[in-house]
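Below is one structure; the comments refer to it alone.
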Amino acid sequence: MRPPAPAVLGLLLLLLPTGEATKKPTPCKRCRELVDKFNQGMVDTAKKNFGGGNTAWEEKTLSKYEFSEVRLLEIVEGLCEASDFECNQLLEEQEELLEAWWLRLKKKHPDLFEWFCVQTLKACCSPGTYGPDCLACQGGSERPCSGNGHCVGDGTREGDGSCQCHLGYQGPLCSDCMDGYFRSPTSETHSICSACDEACKTCVGPTNRDCGQCEVGWVRQDDACVDVDECAAEPPPCEDTQYCENVNGSFVCEECDPTCMGCTGKGPTQCRECIAGYSKESGQCEDIDECSLAEKPCLRDNENCYNTPGSFVCVCPDGFEEAEDTCVQTRPAGAEATEASPTQPPSREDL
């Protein structure tokens, strides 16, 4: 088989139908995936179907199988799933090139990806280079972006070669430390950016004594940045129905227990005062049972008192109805109750 012209193949591979560029894999990705599968196929077929027996015979036979068309066919047949249209299309277009590399060029060009995807099809670039002309990434192809970031388009015919820095790094070559990080040498030529202490906005070392500037919510004290206790400020930063909790560099306002009128912390034991209907008992705000007080709160004749959380209600008993601000008997004592007559005290939900 005669390989097609590489320039034509490269053009066919790079052209994608209008409107589908975002849906299909890039030419470089398709090429790389095919090469990865081919390389895996070589691993899977290495010394296949041989093991034990006549070693001398095996070595002689294996040496023939290693570079044979039989082995190539086994590899090629396993490259693409039947349903993978993109893979099968690329394989159909480039199978002759793969055969040429396998039979004649493998020793001269042992790196299939470099020969097939970079040099021949021009679908990809070598690592550390980018774009149509495979230019060196920022910082050089050997160590793009100072080793602290990603080169946009690295290894492809796309991108602009600029650096997208890893966390903690900044600058066109990702060689500078961001605020909140300091330079920590690892060798004579390389250094890393390590995180400052949380108290520091800028720093030269890892502790709160190495701060150049303190973060918001921290102040310099005795040559170190220490947390500001905002909860101790006057006036207090939280609402009257809240209590303040100091956290590193800030504070949070939490709601008081519903039984409290002002509080110093969480729960009914932290109330400054109790709301109406509650009183301090054993160190916490407890509901007052108004119905059990010596001075009865329900003053109408025949009226029953029911305690509720923080209050009470006055209700006419079974067989009585409220009329003209009093409880009037509507059913003689002992008479059978009707559906309209209450037969039990109201529930808390009803109240």
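Note that Cβ sites are derived from N, Cα and C of the backbone, with glycine treated the same way.
Positions annotated as disulfide bond by Swiss-Prot: Cys28-Cys31, Cys137-Cys151, Cys145-Cys163, Cys165-Cys174, Cys260-Cys263, Cys291-Cys305, Cys298-Cys314, Cys316-Cys327. Summarising the annotation, Swiss-Prot assigns domain 'EGF-like 1' to 133-175 and lists sequence analysis as the type of evidence. Look at Swiss-Prot and you will find 287-328 tagged as domain 'EGF-like 2'. Annotation comment: Swiss-Prot describes Asn248 as N-linked glycosylation site, evidence class sequence analysis. Marked as region 'Disordered' by Swiss-Prot: 329-351. What Swiss-Prot records for 250-297 is repeat 'FU 2'. According to Swiss-Prot, the feature motif 'CXXC' maps to 28-31, 260-263, an assignment based on similarity to another entry. Per Swiss-Prot, the feature signal peptide maps to 1-21; the stated evidence is sequence analysis.
What Swiss-Prot annotates, mapped onto the structure for a quick look.
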{"residue": "Cys137", "record": "disulfide bond", "DSSP (3 states)": "coil"}
{"residue": "Cys151", "record": "disulfide bond", "DSSP (3 states)": "strand"}
{"residue": "Cys163", "record": "disulfide bond", "DSSP (3 states)": "strand"}
{"residue": "Cys260", "record": "disulfide bond", "DSSP (3 states)": "strand"}
{"residue": "Cys291", "record": "disulfide bond", "DSSP (3 states)": "helix"}
{"residue": "Cys298", "record": "disulfide bond", "DSSP (3 states)": "coil"}
{"residue": "Cys305", "record": "disulfide bond", "DSSP (3 states)": "strand"}
{"residue": "Cys327", "record": "disulfide bond", "DSSP (3 states)": "strand"}
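Checking Cα-Cα distances from Cys137 (disulfide bond) against the recorded positions (Cys174, Asn248, Cys260, Cys298, Cys305, Cys314) with a 10 Å cut-off leaves nothing; none qualify.
The average pLDDT computed for the motif 'CXXC' (260-263) is 94. Sequence-distant contacts of the motif 'CXXC' (260-263), counting only residues of its own chain at least 6 positions beyond either end whose CB sits under 8 Å from a CB of the stretch, comprise 240-241, 243, 270-275, 285. Ranking the disulfide-bonded residues Cys31, Cys137, Cys263, Cys316 by how many Cβ atoms sit within 10 Å of each one's Cβ puts Cys137 at the top. Restricting the disulfide-bonded residues Cys145, Cys151, Cys260, Cys298, Cys314, Cys316 to those with a CA within 10 Å of the CA of Cys165 (disulfide bond) leaves Cys145, Cys151, listed by sequence position. For the disulfide-bonded residues Cys31, Cys291, Cys314, Cys316, Cys327, a Cα-Cα cutoff of 10 angstroms around Cys151 (disulfide bond) retains nothing. With respect to the residue listed as 'N-linked glycosylation site', the closest of these disulfide-bonded residues in Cα terms is Cys174, chosen from Cys31, Cys163, Cys174, Cys298, Cys327. Annotation note: Cys314 (disulfide bond) sits in a strand segment as assigned by DSSP.
When the disulfide-bonded residues Cys163, Cys291, Cys305, Cys314 are compared by Cα distance to Cys260 (disulfide bond), the shortest distance belongs to Cys291. Counting other CB atoms no more than 10 Å from each candidate's CB, the disulfide-bonded residues Cys28, Cys298, Cys314 peak at Cys28.
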